[in-house]
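Peer 1: Take a look at the following structure, please.
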């Protein structure tokens, strides 16, 4: 019996014949991704692009069945594609070892796919894929698991809510002074290394430690402690410079270690009141640690190694060695052109730095240390996965994908998508382990899917911000909405507004608005919906002497926003009028002979229709905030 017979019988010849030519993007080759790739190959999908940034870790092997021990440290995407290809030699799998947020994967790139399937484990990447699919108008199936629970959600532009329509749970936060001065748990050290130390050394420069300390001061946290932290932030400038200039990397890393783990701790110890009821920290001395490690190595005949298994508990000397090594690697990346480096659990250099830094801090504060894997799990907010849940969810994803493809390939006016699409979840109910709920339409106030998306193709080094704004707004005479007062953003950065036009004659490249980024245009008066403009490069066959900016055709016109009507100030009629005033919408006056029951309108809900009194011109004007005075007065109409 051919392998396709069951799928053909279930799907029908129409849909099944489409599968070999359907272009699928699968993002993620982890727990869900491995199961999902196998399912796609066996179902009959013939053109799959698999993208994942991560490499295979020993801890993955208990549930990611496409990998073997010999594959550890290799690319997940490459190995998964190679293994799964054997299940169906006819399938074309294109593996990509990269970050889905890289500029190469812009809206034009997403547009080549017929459907996108998410098998991701972090919120930021999910939001990014959600936005790119909305901009490219490509169906997306979102999924996730948490232990024995799981969910699969079809996302279709303008039909279902998007991933950002509902607010996500806010991660747990900790008082700033606890994190920076008085940690007592491993998570405190990890959050400090990830969210404070790494941004201070390798992130964007902040003049005085940022607004976080201002907020802490307003909330009444320890004033002396905050003043000390401000001084520490200022002292970081020389360390930041050493990591970026021609200072030897090892020397810059040593300077960072001494500053953070010796001098800053000594400064904290000078605040005697802080340590009356808690154990004071221990300043870490670089020379003492290295000398002790050398003596130990001489006695044992071995030396510490940075290349340690993720599950091993690191010694103090090993943490120091890992701190120096990771700091040097990050410093070299800054010097080679990276402006800033932020934490990413899949970035080995960043993870090594956070692991070493958090454990060094834990040693200083007598807090239990954590292995590299445990640090990755806690810093990356990773929830342990169960292989069975992943398998169930991956099967549901394929079913959802087939359903979305049927809607795309064979649309039916008689059966709209809203009538057949469902959100599916795995739940703690033995009698009903799978639950389904009707899809929810987009949230009208969603700041992502309610935007109007469009794309411009340009040379960012030649295209001015003013050219994009003016071109998108158009002249209003058949092109765009016409000129209006707007503000322009890139992510959360304000690039221009009606009172700030300094950047209008700067190129997009000089503003950091390059391929893969979005320009957002918001209406100052709030009359028009937001425009989200994806920046893509000029086509490869674009003539050398051609224009440096290609605007979309037709020019997009965002919908007008519906503003809430002001509350009515209408006064009830006088009692002696004998008229009952309806509190609902004004309805047609009912005929009555004095004996008939109240008229029932056509919806059959028994709603009473009341007689209404037509308002006078004076009453209408008063309702709109206008007052008519006597004509003998000097002023005829006074606007409220």
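Glycine is treated like the rest: Cβ placed from N, Cα and C.
Feature table excerpt (TrEMBL):
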ACT_SITE  177  active site, glycyl thioester intermediate
BINDING   28-33, 52, 60-63, 76, 121-126  ATP binding site
BINDING   162, 165, 446, 449  Zn(2+) binding site
DOMAIN    8-423  domain 'THIF-type NAD/FAD binding fold'
REGION    569-615  region 'Disordered'
Peer 1: Mind telling me which of the binding-site residues 28, 31 has the densest Cβ neighbourhood, counting other Cβ atoms within 10 Å?
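Peer 2: When each Cβ's neighbours within 10 Å are tallied, 28 leads.
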Peer 1: Do me a favour and check the Cα-Cα span between residue 121 (ATP binding site) and residue 162 (Zn(2+) binding site); whole Å is fine.
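Peer 2: Residue 121 (ATP binding site) and residue 162 (Zn(2+) binding site) have their Cα atoms 17 Å apart.
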Peer 1: Once 162, 165, 446, 449 are set aside, which residues in the chain still have Cβ within 8 Å of the Cβ centroid of the Zn(2+) site?
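Peer 2: Leaving out the recorded residues gives 134, 161, 163, 164, 442, 443, 448, 450.
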Peer 1: Counting other Cβ atoms within 10 Å of each Cβ, which of the recorded positions 162, 165, 177, 446, 449 scores lowest?
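Peer 2: Counting other Cβ atoms within 10 Å of each of the recorded positions 162, 165, 177, 446, 449, the minimum falls on 446.
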Peer 1: Select one residue from 52, 121, 124: among these binding-site residues, choose the one with the most other Cβ atoms within 10 Å of its Cβ.
Peer 2: 52
Peer 1: I'd like to confirm something. Which of the binding-site residues, 28, 62, 124, has a Cα closest to the Cα of residue 162 (Zn(2+) binding site)?
Peer 2: 124
Peer 1: Give me the long-range Cβ neighbours of residue 62 (ATP binding site): same chain, 6+ apart, Cβ under 8 Å, in sequence order.
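Peer 2: Same-chain residues close to residue 62 (ATP binding site) (Cβ under 8 Å, separated by 6 or more) are 387.
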Peer 1: Whole-number answer please: how many Å between the C-alpha atoms of residue 28 (ATP binding site) and residue 449 (Zn(2+) binding site)?
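Peer 2: Computed Cα spacing between residue 28 (ATP binding site) and residue 449 (Zn(2+) binding site) is 23 Å.
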Peer 1: Could you check which of the recorded positions 31, 52, 124, 177 is the closest Cα neighbour of residue 165 (Zn(2+) binding site)?
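Peer 2: Comparing Cα positions, the closest of these recorded positions turns out to be 124.
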